[in-house]
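TrEMBL has this to say about the protein:
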type: COMPBIAS; residues: 1134-1161; note: compositional bias 'Basic and acidic residues'
type: COMPBIAS; residues: 1200-1215; note: compositional bias 'Acidic residues'
type: COMPBIAS; residues: 1226-1235; note: compositional bias 'Basic and acidic residues'
type: COMPBIAS; residues: 1247-1258; note: compositional bias 'Acidic residues'
type: DISULFID; residues: Cys79-Cys89; note: disulfide bond
type: DISULFID; residues: Cys152-Cys213; note: disulfide bond
type: DISULFID; residues: Cys348-Cys358; note: disulfide bond
type: DISULFID; residues: Cys446-Cys456; note: disulfide bond
type: DISULFID; residues: Cys553-Cys563; note: disulfide bond
type: DISULFID; residues: Cys857-Cys867; note: disulfide bond
type: DISULFID; residues: Cys948-Cys958; note: disulfide bond
type: DOMAIN; residues: 8-110; note: domain 'SRCR'
type: DOMAIN; residues: 113-214; note: domain 'SRCR'
type: DOMAIN; residues: 283-377; note: domain 'SRCR'
type: DOMAIN; residues: 382-480; note: domain 'SRCR'
type: DOMAIN; residues: 484-583; note: domain 'SRCR'
type: DOMAIN; residues: 588-682; note: domain 'SRCR'
type: DOMAIN; residues: 687-785; note: domain 'SRCR'
type: DOMAIN; residues: 788-896; note: domain 'SRCR'
type: DOMAIN; residues: 906-975; note: domain 'SRCR'
type: REGION; residues: 1127-1258; note: region 'Disordered'
type: TRANSMEM; residues: 1081-1106; note: transmembrane segment
Amino acid sequence: MFLAEDKLILKNKGGYPCEGYLEVYHNNTWGYVGDTHWDKNTEKVVCKSTHCGEPVDSSVKDIGKPSEDSTIWLNELKCEGHESALWECKHPGWNSSYYSKLTVKKITCSSNITISLDGAKCAGAVKYSIDGKFDGYFCNSNIGETEARLLCKSLGCGGLREIPPSEWEDMERNAAKMKLDCSAFKNADPDHLWQCVKGNDDSASCKPFSVICEGFMRLQLKGNQSNVCSGQLEKEENNNWVPVQQDNFDFDVCQQMHCGNSLSPNNSTNKNLNVTCTDEVKVVLHSGKDSKCYGTVNIQVNGSVNPVCASTWTKSEAELVCKELGCGKLIYTQERQNSRGIMDHVSCKGSESSLWHCPAKHDKNIQCSNQPYVVCSDSAEVKLADGPGRCAGRLEIKHEGQWRKVLKTGWTEAQSAAVCKQLQCGEKGKTEKFSQGSDSFPSVKCPENKEKISECLTANSNSNNQLLDQEVEAVGITCEGHKVVFLSGTCSGQVRIEHGREIYWLSGSKETWNQESADTVCQQMHCGNAASFSSNSTTVDMINKVWKDSFSCSSRKKSLFECNRNTTLPPDHQTSTAYVKCSGNIGMRLMNGCWGKVRIRVEKNEGDMCADTWTEDKSVKLCEKLNCGTPIKAHNSPRDGDILFKSLHPTNQTKDLTQSIFVKNQDNDKYCNQKPAYVVCSGSVKPRFSIPSYKCFGNIEVEYEGKWIPVCEDALKDTNNRKTICQELKCGDAVETRPYFGPAPTDKLAISNLNCIANANSPLSACSSITASTAACKHSGLRCSEWRTMVPDKKACSGTVLVHWRQGPSAVSRENFNETEKEKLCQDMDCGGHQSTNESHPQTIEIDSFWNKRFSCGKNPGSIWECENKTTPSRKEPVFIECQKEPSVSLSQGCSGEVRIDGVPVCASNWDLSYAHKVCQEKLCGNAVFIKPKAPSKGSGNIYHVSCEKYHSIIGQCRRTKGKCDTNAVFITCSESVKFRTTEKHGGVLYVNYRDKWERVCPFNPSQDLKAKLCEEINNVTHSSSKEDKQVNLETRLEFTDDTMDVKRAVKQHSCGNASPAEILCYESAPTPPPPSSPPIAPIIVGVGFLLVVVILILVFVRFYLKRARKSKVSPRMLPDKEMEFESGEYEDVTNKENEMEDLSHGRARSEAELISEKDGQSVSSLPYEDVEADEARPLTFPGTTAPAARDINVHEDEVTYEVEDPQESYDDIDTIPGPAQTTAEVHDSPETSHDLNTAAPGLVERDEDYLEPDVDG
């Protein structure tokens, strides 16, 4: 259970809060206080704790207890006088003292408390006074309707009407603030509000307690918008306002209405009371513009404008403002920043006559942060702008002082009808596109369910967020009441009027059709003044088509319809029609003939047309008028315009656009300057081949919007499309498409689609569809049947001039082919100028076919082919040309490296093997064996692109052009730069170098002859015992055929995975001595005689020596653990003796391969020749050869013997072997070794062992 705080009150029948007997509220029960030990200190504490001052002397009396059953809560109190409450005095406890008296004490305290309302009668903040002097206010905390009803009742104001917001009232700055707590009076109301007083409250949270009692009368003055403090006095009864008829007020009604003081009231005849107060007050909306119906809400008091604060501002208050000011309905309300005001916490019901009469806090300087901003519907105006008349154009709404466009999205025909009605332009309207207007105005969006234009406006309509032109379109309306004047011709003809779908004649009445009217029509049509005018008689069928109105133009007007309208028609109104010829003229063209900005010429002025209202139909009419075909899609969007006209509007009778109604651009309107109308007609499209010197073939380019752009491959797939291009270029029929040559254009635009019908007389511009696109595509070239080009026969820039065409080469006749023609041809071939020489050049090629056209160049021909004429030459002598330059083709590393032309790298795009062969052949480097694109040495920005044809014998003759390379530059390897080597001196793993690195080779099985050629190539390379490469996958192979003569050309890049690399063994044979030189005849005769003598002596000596040798036993050289024997025999005729001596005489020695090796490294000590000592026999070796002990003979299990090099053996002396060494490779398969020689020969005989012996061919 909630227990209220303990409370002491003084209670009496009169309800005075500071006089009476003591009642104490404790434990949710009221009880009494006994008087045991009562003294002066007790009295002081009683008056002080009840906030009633001091006890009045001799005022204490005994009275009978009002109720015998009530509890005596406190007794035997012993107070010292300083306590703030009785229960703080010393006492035996609550309800702890027995009290048997029938009486209790009654006391009177000094304070006289008065409670009143600070404000109007029966309404305002509750304040209290002590002893007649204002002291302070009550806080509104813990106060409810119970206390408020008690207060209203005690003040004689009837019951409670409402408790207003505490913000309506302000406390005086130095006033005291008292807290109230009536929770002890739950079962009955207190006798006086002062009995609820709890104590002072100095906190800022204390707000004044206010009431509006039923006795309060709400008043207002009605009837004078300019001064809300003057008018008929009304009072509120049952939420309705009724007039006050009698002045029986006991207060100043003007003060209650915050209107100053009352002047003498004036009673009207209907007895309603009119009151005029001293203050003049009115509500105003301040915007700084000319409209009274939008702006910040202010109160003008006696001429001084003061803001209204928006602390509790709602839509109800804003609607009342619009209603009070006669500004229609509320569109929206916002808040704007502010710091002070004259009104705040306004709370209107909506029935008040003025915002000023709504309940609110009124003060001269109220501090607040925001001010209300109101926009009423009557602030919005409507017009149709930039159209051909008042009733047609772009819809604009004047919102908050600015004209704003309306978004077409969501716009309905009902809304168009509402606009037309408001403008008095008929009952209906249709949407139409007009100039979009300045982009400085944000757009307004109208929901479909809004028919009143003002309802389209919202708070967001004032946003400065601009919408992109391509995203939105402004509403344009042509009302049914729209009418225009036009002429049947351009700036001359019958004057006609179009109204809806009907066409009328303007009356040619003599009374109305005069110089002024004619001038007005010409001016309206932007055709100057009337040079002449006349009237034509009407026919019967024209009478009903004469315009119903008659105009009198006494002065020049902008429009005929602005002239005065005659109320009475003249007698001849329907019998004649008006005709005029104006002094000016209107012309239209495209800036660049058949494409470009639309240019309008009016009299002496020419300018551009705005693109806003330009349509495809207008483009069709203009292209047709200019004989430029049909419109095609434009890809450019010019942003610089000198706009002369915003729009043009053809009528239903318009055939020529110059007969349209033009809307001129205002000089200060720069909006359209970045949006000129732009048209591209098909007549501006034409094809060409990109390099004029290559007649009828090459890259196809099409002129499109003034730029030459490539053609996509897909656009040339159709035969008709190809034929159309070839025929237009007078190149015969289409033969084939060609790969695109050269760098890719920087502009991505290309012809992506063509739809042509092949016709000999139809150009590309006549195709039904020509589409350009920036989408990526593969570009293409074309070759036509009449293709041809001129190339010298051998070099790039000099030689006999040949025309290559579909039937082969033909020589060009020198007839009339003079210096001018030669100069042009040299320029076409990028060979500089012609180099004049007086030398006669012989014909460098025999040729019977001659080109059947002569050449004669005029001034600045585009190519040599523009010099061609139809005359057939009579002379059959070919032209020889010699130009100043000759392109230099080189490789950066001799026979390999980067391909360069005049020092410039070549792009790898379109490069193929045949081009590489041309380079290698030209550089005498064999064939190309490898091509690898790499990053160019000089960057890829401006290098050569090359394209060769079959008739180009050298690279310099091929087409070439410089440009950016999207791939890499060409690097090639010619066969003459290929090198071979093995891991060991005479064999091992085969390595080849053709890609700037040594790499192993895939396994192969060549013939003996190819092995020999490989060994010969290997022998020409300095050997090194380098370690084997750790390369896993083999990427090179040697591809031999029966016709292979050069092993270097057999190198091919071809992967064979992780196969075992190829190996080869090579053996060195004895060098072949050079043939002896022929001696003179005389010394030969003498020498021959001397030689015969010497031979005879030698024969005798040898015979003697052999006989002695037979007698000696000689041990032959043996294999390990084997014994070799030579059978002794006697040979009278030594068949090889002479040859042997001849060999010795010529210095021939047996090679190391011919020596017999043995394990102990000893030489054969005995030979089967007589008269030769065994210890004198030695093998014949060159001075640089190694001793036999330096190598071993290893016999493996398969009994194949391999010669193994001593790893310590040095080959530094290999160059000391005289003469070239012929190397022979052979592998011997050895059966079981025989221990004896089967045959005894004069020399060493070949055995079954796997080595070679002297005098035997290996």
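Backbone N, Cα and C define each Cβ position, glycine as well.
Keep in mind that TrEMBL annotations are predicted by a computer and have not been checked by a curator.
Burial estimate for the disulfide-bonded residues (Cys456, Cys553, Cys857, Cys948): highest at Cys456, by number of other CB atoms within 10 Å. Here the disulfide-bonded residues are Cys213, Cys958, and the one whose Cβ sees the fewest other Cβ atoms within 10 Å is Cys958. Note: the Cα of Cys857 (disulfide bond) and the Cα of Cys958 (disulfide bond) are spaced 24 Å from each other. Around the Cβ of Cys358 (disulfide bond), 21 further Cβ atoms fall within 10 Å across all displayed protein chains. Note on proximity: of the disulfide-bonded residues Cys79, Cys89, Cys358, Cys446, Cys456, the one nearest Cys958 (disulfide bond) is Cys446, by Cα distance. Secondary structure of the domain 'SRCR' (788-896) per DSSP, as helix, strand and coil residue counts: 14 helix, 33 strand, 62 coil. Rounded to a whole number, the distance between the Cα atoms of Cys867 (disulfide bond) and Cys948 (disulfide bond) is 25 Å. In sequence order, Asn41, Thr42, Val45, Leu77, Lys78, Cys79, Glu80, Glu83 make up the list of same-chain residues 6 or more apart from Cys89 (disulfide bond) whose Cβ falls under 8 Å from its Cβ. The CA atom of Cys348 (disulfide bond) is located 26 Å away from the CA atom of Cys456 (disulfide bond). Note: the Cα of Cys446 (disulfide bond) and the Cα of Cys358 (disulfide bond) are spaced 34 Å from each other.
Minimal Cβ crowding within 10 Å, among the disulfide-bonded residues Cys79, Cys446, is found at Cys79.
Across the structure, Cys553 (disulfide bond) and Cys867 (disulfide bond) place their CA atoms 68 angstrom apart. Its own atom aside, the Cβ of Cys563 (disulfide bond) has 21 Cβ atoms within 10 angstroms in the protein chains shown. Closest by Cα distance to Cys358 (disulfide bond), from the disulfide-bonded residues Cys213, Cys456, Cys563, Cys867, is Cys213. Neighbour density at the Cβ, taken as the number of other Cβ atoms within 10 Å, is lowest among the disulfide-bonded residues Cys152, Cys867 for Cys867.
With respect to their backbone Cα atoms, Cys563 (disulfide bond) and Cys213 (disulfide bond) stand 68 Å from each other. Between the C-alpha atoms of Cys213 (disulfide bond) and Cys456 (disulfide bond), the distance comes to 44 Å.
Cys456 (disulfide bond) sits 49 Å from Cys152 (disulfide bond), taking the Cα positions as reference.
In the predicted structure, the domain 'SRCR' (588-682) carries a mean pLDDT of 90.
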